[in-house]
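Novice: This is the structure I want to talk about, given as structure tokens.
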Amino acid sequence: SKNKTNEKEQENATRSSRVRETSPSTSVAFPNFPTTLHPSSSTAIDTLHTPKPICSFRRAGFRGSRAWTNRSIRAHLRHRFCPRAMASPPPPLLLTLVWAAALLWCGGCDARFVVEKNSLRVTAPEALKGAYECAIGNFGVPQYGGTMVGVVAYPKANRKACKGFDDFDVSFKARPGALPTFLLVDRGDCYFTKKAWNAQNAGAAAILVADDRDEPLITMDTPEESGRVEYLENITIPSALISKSFGDRLKKTIDNGEMVNVNLDWRESLPHPDERVEYEFWTNSNDECGPKCDSQIDFVKSFKGAAQILEKKGYTQFTPHYITWYCPEAYTLSKQCKSQCINHGRYCAPDPEQDFSKGYDGKDVVVQNLRQVCVYKVAKESKKPWLWWDYVTDFAVRCPMKEMKYTKECADAVITSLGLDHKAIDKCIGDPDADEENPVLKAEQDAQIGKGSRGDVTILPTLVINNRQYRGKLDKGAVLKALCAGFRETTEPAVCLSEDIQTNECLENNGGCWQDKAANITACKDTFRGKVCECPVVKGVKFVGDGYTHCEASGAGRCEINNGGCWKETMNGRTYSACTADGCKCPDGFKGDGIHKCEDIDECKERTACQCKECNCKNTWGSYECGCSGGLLYMKEHDTCISKSAAAQVGWNFLWVVFFGLAAVGIAAYAVYKYRIRRYMDSEIRAIMAQYMPLENQGEIPSNSHHIEM
């Protein structure tokens, strides 16, 4: 165990020395930390992805080794904490503060930085066919919800793409009718973003970076000195890191002269379970942290309109979040902690100017972050959560740090202008000087820990969509595409189907779906992820079928929509239709399939009607006419002819029979009635007489009986 520890310490020292061998801007990762990449040099060290500065020691849950060297800590803090003053280390007490915070927290926690991935499928040649994973780069524009098909090219020169390909007279721009080019390059010697920019300028549609070491996939990120790299915001092609083994196979195949066809697939990179997208934006109110802060507020300003429309119409549920760290208990009374923290060191933020003697302090940033969270909460309680976007943009314009307006008074003026209750917001903020937990900031710290498929939030800013971290440029168009990819197919709002966001595949050849041109009905449905062939519902009538070759109206109202797709024709003022509730069936007098054709049946020719000796048959469209010669009358039910006079005599005889029958029934009923009445009267009379007179068959009562009773 001791030998392993010594080996680990030696490895740490070696890794630190590698940093000195590379450019001064190279950041350092601590051992066992989940890593993402800033530089791509094979000699550079993978960077620990925490917000700038180290503001996630409090809750990120890192599993760092306690055998960190002071040089590693100092180097890391120099690049993380003082990006604009690389030559000067931070104050010793601040180093101790962060070092203590790391030791206190890292002993019993489990960090989990999730590398977001997309699928790469090789379709040719046969030897490479299959699906492979690749890590999405945190720059450019990943095509969330979509796919790209192209041919992989591996340059013969400038294979690390650290120089412009114009210097080598090479172009990867696809010719008309050809597949786009995915440029495969080697990792090393320059930033990943530089490689992507050179590939884009050379005409590549995407860039694949092959790792130079056997390791799990990691996230390619932008360099810390992003303010000095002007091309970052102009990178629009997607990027992906592939494993060394897969990269070696691709290179070997291409060097052998074989063409490699690849499909990059981002359709499942973001979950899309239902008709509402839930997303979070981890940001910061500090406007003096350089290009990172500038990009955040620029994004908020440009995305505000789209975000508010989506929120108002119920398509999305947005939640802002803010990161804080804490001051170790032993240093809560120090000058640094008092200036950077509130609630006795529980919630801290770095000094905006990184100079404790001037400007605003870190605690001012913490309070403003807290105020922005409370603005959201109060606005949400009033059922207007979208007002957060108005507050943040207005505050950035009206209350900048440079003009010394980053104050509560300025914030209250913005709050009042938006019609929000600043007293309720002050109550939510609480007392920053109190020696107790603040429930709002405590919840923010807890939310930073990854749950489910979402890893810990360690990049600032970070966008989380449907519990999955977004990777790519923080740009209105790119983020809107990612949000649209989070909707279930056919439930996207109209903004996701605009030409600026996606291509309508139904416009070309109806997307290969079923279509009824006469009724202007189609089974092709345009979605953000592509077309869907699904039989439609029109005016309450549901069509059923496979959606590709056949759709048929069903239900009671099916005949109202294009006659249910059945035959229908009008002639000589008469209209016949084959549409029934059960399907298409030719009506009586016609024969055919009921869909395309129904032909008149000639009953006279086929001798199916009007066939009696005296009958004269004449066919009509959809029916027939039958007459009788000699003044006879045709009876259709019996298909026969009878005399009109005989028919009349029979009719009168029938009436007389009915009359006499009714009379007989009436007389019989009257007789029965009289008989029953007579019987009833007789029985009543006998009953009355029996009460007053003895019957003849009873004997006389002896005369002395009365005296006996007396």
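The backbone N, Cα and C atoms fix where each Cβ goes, glycine too.
TrEMBL entries are annotated by machine, without manual review.
What TrEMBL lists as region 'Disordered' is 1-33. Among the features that TrEMBL reports, compositional bias 'Basic and acidic residues' is placed at 1-12. The compositional bias 'Polar residues' annotation in TrEMBL covers 22-33. Annotated domain 'EGF-like calcium-binding' per TrEMBL: 600-642, in sequence order. If you look up TrEMBL, you'll see 650-673 marked as transmembrane segment.
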Novice: Using DSSP, break the domain 'EGF-like calcium-binding' (600-642) down into helix, strand and coil residues and give each count.
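Specialist: DSSP composition of the domain 'EGF-like calcium-binding' (600-642): 0 helix, 20 strand, 23 coil.
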Novice: Per-residue pLDDT averaged over the domain 'EGF-like calcium-binding' (600-642) comes to what?
Specialist: 82
Novice: Please give the sequence-distant neighbours of the transmembrane segment (650-673): residues at least 6 beyond its ends with Cβ less than 8 Å from one of its Cβ atoms.
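Specialist: The answer is none.
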